[in-house]
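In TrEMBL this protein carries:
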ACT_SITE  111  active site, proton acceptor
BINDING   51, 52, 113, 164, 165, 220, 265, 266  Ca(2+) binding site
DISULFID  40-349  disulfide bond
């Protein structure tokens, strides 16, 4: 009986040890930081991260800043903010957007963002993932002037329990990614150890709310092709981008997964070429433990022809943390590139 018990304990210990090694592999703990610099400068006024950035076809860029996310450092006690930036200006400078309406700005904690433009009158609606007091909800704003947002609506739902990013497809409809399945961090960590992908993409409209796609270890960034036919979702812990075909009735049909070899956060799409741009974390362990003497680096990956049999992947920017810590998003526009981060700064780079 003792021999059997010893064997069981040894087998369980070996299993747990193996799974922890797998988690280290997921977090890319032993990976060296890639290095490839561009001609960049820090954006003014952005001191506490720009977790997500999205750019309209006319060069207007929106940035969410000041995110406070559980388990990661935060260096500001102030509420989060939304900035706007005109990339057609000779010297673009982020300007804080004024927010009007009934939203409690003291607990504003913006995360992923997306913009919907109404083709009927060119009205611009900004969708923002918000985590006031660690809750999960979506705010819808209307851009009414160059520097003013009017808060229209707050959306909360049991299926939107841990929203990370959002893709607006109508005035009040969107797709949202959940980066956790369980509210408990311990249970979420257990799903990673067991390699059990339970996270989901949720479709929301005033008429229906449902799971649109599942099977993610941690669903993160989401975006859409320029022709609106394909939707891309980053499984940050799975190190891949999943591609879906958008079908009638806002159904999603899975097409393929593309391995990226990094912890890729948000997804942006070049309006002109359709290329995929990814803000990534090259070493997740350094990000989670945060050592000022050994900072988490930044990595930007571009994917060309993602729908083809052989997509072309390239490293466009890489830094070991000396210039930019913890990149999350890379948004291109006519030879320029904006790179944002969780809690650090944001870069304005020249790709030419």
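Easy rule for this one: first residue shown is 1, then count along the chain.
Using the three backbone atoms N, Cα and C, a Cβ is placed for every residue, glycine included.
When the Cα atoms are compared, residue 111 (active site, proton acceptor) and residue 165 (Ca(2+) binding site) turn out to be 7 Å apart. Counting every protein chain shown, the number of other Cβ atoms lying within 10 Å of the Cβ of residue 164 (Ca(2+) binding site) is 27. Close to the recorded Ca(2+) site, the chain also has 111, 112, 129, 221, 328, 329: residues not among 51, 52, 113, 164, 165, 220, 265, 266 whose Cβ is within 8 Å of the site's Cβ mean position. Separation of the C-alpha atoms of residue 266 (Ca(2+) binding site) and residue 349 (disulfide bond): 18 Å, rounded to the nearest whole number.
Residue 265 (Ca(2+) binding site) sits 19 Å from residue 349 (disulfide bond), taking the C-alpha atoms as the reference points. Remark: residue 113 (Ca(2+) binding site) has 52, 53, 54, 62, 64, 82, 126, 127, 128, 129, 166 as non-local neighbours, by Cβ distance under 8 Å and separation of at least 6 in sequence. All protein chains considered, the CB of residue 40 (disulfide bond) has 18 other CB atoms within 10 Å. For the pair residue 349 (disulfide bond) and residue 164 (Ca(2+) binding site), the C-alpha distance works out to 26 angstrom. Its own atom aside, the Cβ of residue 52 (Ca(2+) binding site) has 29 Cβ atoms within 10 angstroms in the protein chains shown.
Residue 40 (disulfide bond) and residue 165 (Ca(2+) binding site) are 26 Å apart (CA-CA, integer value).
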